[in-house]
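One structure is given below, encoded as structure tokens.
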Amino acid sequence: MFTLAEVASLNDIQPTYRILKPWWDVFMDYLAVVMLMVAIFAGTMQLTKDQVVCLPVLQSTVNSKAQPGMSGKADFTTVETTTGQGEDMSMRTVSFGSAPTVTPDIPLSRSASSQSQPTESGQELKKELKDSLGRKTNLDFQQYVFINQMCYHLALPWYSKYFPYLVLIHTIILIVSSNFWFKYPKTCSKIEHFVSILGKCFESPWTTKALSETACEDSEENKQRLTGAQSLPKYVSTSSDEGSPSANTPMITKSGFKFSADKPMIEVPSVTILDKKDGEQAKALFEKVRKFRAHVEDSDLIYKLYVGQTIIKTVKFIFILCYTANFVNTISFEHICNPKVEHLIGYTQFECTHNMAYMLKKLLISYISLICVYGFICLYTLFWLFRIPLKEYSFEKVREESSFSDIPDVKNDFAFLLHMVDQYDQLYSKRFGVFLSEVSENKLREISLNHEWTFEKLRQHVSRNAQDKQELHLFMMSGVPDAVFDLTDLDVLKLELIPEAKIPAKISQMTNLQELHLCHCPAKVEQTAFSFLRDHLRCLHVKFTDVAEIPTWVYLLKNLRELYLIGNLNSENNKMIGLESLRELRHLKILYVKSNLTKIPPNITDVAPHLTKLVILNDGTKLVVLNSLKKMTNVAELELQNCELERIPHAIFSLSNLQELDLKSNSIRTIEEIISFQHLKRLTCLKLWHNKIVNIPSSITHVKNLESLYLSNNKLESLPAAVFSLQKLRCLDVSYNSIALIPAEIGLLQNLQHFYITGNKVDTLPKQLFKCVKLRTLCLGQNCITSIPDKVGQLLQLTHLELKGNCLEYLPATLGQCQLLRKSGLVVEDHLFDTLPSKVKEMLNQDTSIPFANGI
């Protein structure tokens, strides 16, 4: 026996897929059940009552049709009597009804007398038969049973015997065909996932509470609601357009931070926030839908399988109808049987009756009727399958009725499943479409984000940067929390890897904000927020992968002072710069570009008249075209780093206001053009470090206003005397070259304050070096120096002395005369420091504040 629990589990299978059962499939399932009941009923009747009753037919030489008027009568009439040869028995033909009856039990003598006296004998026979009520045969009961069984198999048509089983088999095949796509391994897994996800999407709180609240999130509508304006329906109907801003506009037109449509604005934060668990489940659903779509949309196996099984059912219907209709007339009540067992029975022909004939015929007609209805439904299904493109599904109506205008159209099996669901209830696909919308997903992330990042939590992440400004760095978040814009004292805001960042009107509260960082963050701003940034923002850092990621509103910040662009500015053909016009940046002073340029972007000339600092950091790409530099007459600082320059560009010599030039990390070998710098009267700093310079030309003496010269990390072997004729030189850096000797002319640099010669081959220090009494920094590390002269004590302003990496045996005690030098500024091995007198060590270990004050 089956338990109730086992039987109940079978009933749970159908409801799982009921949403994928259109009305015709459901109707065909019921028809199949009725056909199954017909088969079971017919089979039961056959097993219990189906039988054949047979009677032998008496042999006669007279045609039974000689007396057609007697057919159908119940009386007996003697027609003719014959005598068989070699037999002691006579045969008599008797009319019983319409069929002849053979009576082999009449004696031969009686037959002979009947010929001489026919009238008298007929009367006697009639009287005798009437008295005996029939003619006896020589068959016993077992012979009747035997002949009934023989004639059941011989006389009855095969369809009468196997009709219930055929109906059962056909019905099972139709049932299997109708549900095969639910069981086939390569389709059932997709269907199970689809039904599971669809049910969760339908019941998700995001499709009910949050979705209805986000339909009226326009900030202007909130204002109108507070003033009692009756314009709510208008904003509800157009919210889909406002929720997906055009890519051609530099800003968005809605705030995106108020969601309640029926509550006052001040109650929104406490009412509209989803439960954290519901929010996590909704986010998981978005991810499941995205992966399921990618998995299912690339094939049309489910569609082909459903079409195939429908065609099979249609062909099956035609086949059943064709052969079944031919057998309707073969089912009859009366049958003639010739079993060919005369040697056992003594008779050759039997007349049989089939007691189930009428019932089977009615059941067969009923079955044919059901099959016809079933077939017409199959034909309608095929018409539906091929009438519209079921491998394409459009959410156009959903987009029109909802606030999400970005729901994409789907195709292949994904589209087919949605078409099938629409036959059940179109509300399913409408709710399911919400989880295909990126706008919907972003709104959910926004709600969850605001729930997680409260004002107190954000305040804990605010820090002080190197410029002593309050800074907040947000990294890899789904959006910008609303609470950020409540930090009104924030100076610097950094947004990194936030692809869906939106800056609402609330940013106007941040009156101290002057610096904004957008690192791989193409932020969208509202009109009000843009107006605030345009008037207040002073410094903007934008880091991107492609130039198209730079927000278009960046080019409209008219009060911007500093712009830092880091990313690929070249187009695909490497001939065009994708940077848009900078003409609106009327107050831009500093432009920093870190990219892979082959030429100076011509758009930079838009800001050339007021640009004071230009920095171009290449990634090793050779910068060829530099003619645009000539137009930057007001540039005071110019950096061209890692641009594979082989010589100093001639365009630089036209920059009359240039004060600092940095050509770091290029391939410059010779600097003979340095003589042209004599025309740059304001040039005070020249950085040629990290190049391949072999020597310094004597023409450097013409650059008389030079105060800082950086030549580190080159291939210099000597320092020419011309360098020491630069009387205004305060910083000289020749570290990491191959210099073996410090010329005595170095004593001429009376204004020298910083001298770097680390990483060379110097073995002795000239006494003239210590005539540079203004030296504050002296780096002599990683050389071959064996001793430090005692005159080092003359450097009273020395604060940093590097001696580490030499061949020193001791340190001079005169270091104690360097009043501003402390142990933190003395870079030397520990064992050398221990060679100093204890008084000197005590002085070097003193606090820096008091001696520094005395020195000043």
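Note that Cβ sites are derived from N, Cα and C of the backbone, with glycine treated the same way.
As recorded in TrEMBL, the features of this protein are as follows:
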- 1-382: domain 'LRRC8 pannexin-like TM region' (DOMAIN)
- 27-47: transmembrane segment (TRANSMEM)
- 110-122: compositional bias 'Polar residues' (COMPBIAS)
- 162-182: transmembrane segment (TRANSMEM)
- 364-386: transmembrane segment (TRANSMEM)
- 678-754: domain 'Disease resistance R13L4/SHOC-2-like LRR' (DOMAIN)
Model confidence over the domain 'LRRC8 pannexin-like TM region' (1-382) (mean pLDDT, whole number): 67
Folded-back contacts onto the transmembrane segment (162-182), same chain, C-beta under 8 angstroms, at least six residues removed: 17, 20, 25, 28-29, 32, 35-36, 38-40, 42-43, 45-46, 188, 191, 302, 305-306, 309, 312-313, 316, 320, 360, 363-364, 367, 374
Folded-back contacts onto the transmembrane segment (364-386), same chain, C-beta under 8 angstroms, at least six residues removed: 24-25, 27-28, 31-32, 34-35, 38, 163, 167, 174, 306-307, 310-311, 313-314, 317-318, 320-321, 324-325, 327-328, 331
Beyond the flanks of the transmembrane segment (27-47) by 6 or more, those residues with Cβ under 8 Å of it: 21, 161, 163-165, 167-168, 170-172, 174-175, 178, 313, 356, 359-360, 363, 366-367, 370-371, 373-374, 377-378
Residues in the domain 'Disease resistance R13L4/SHOC-2-like LRR' (678-754) grouped by DSSP into helix, strand and remaining coil: 17 helix, 10 strand, 50 coil
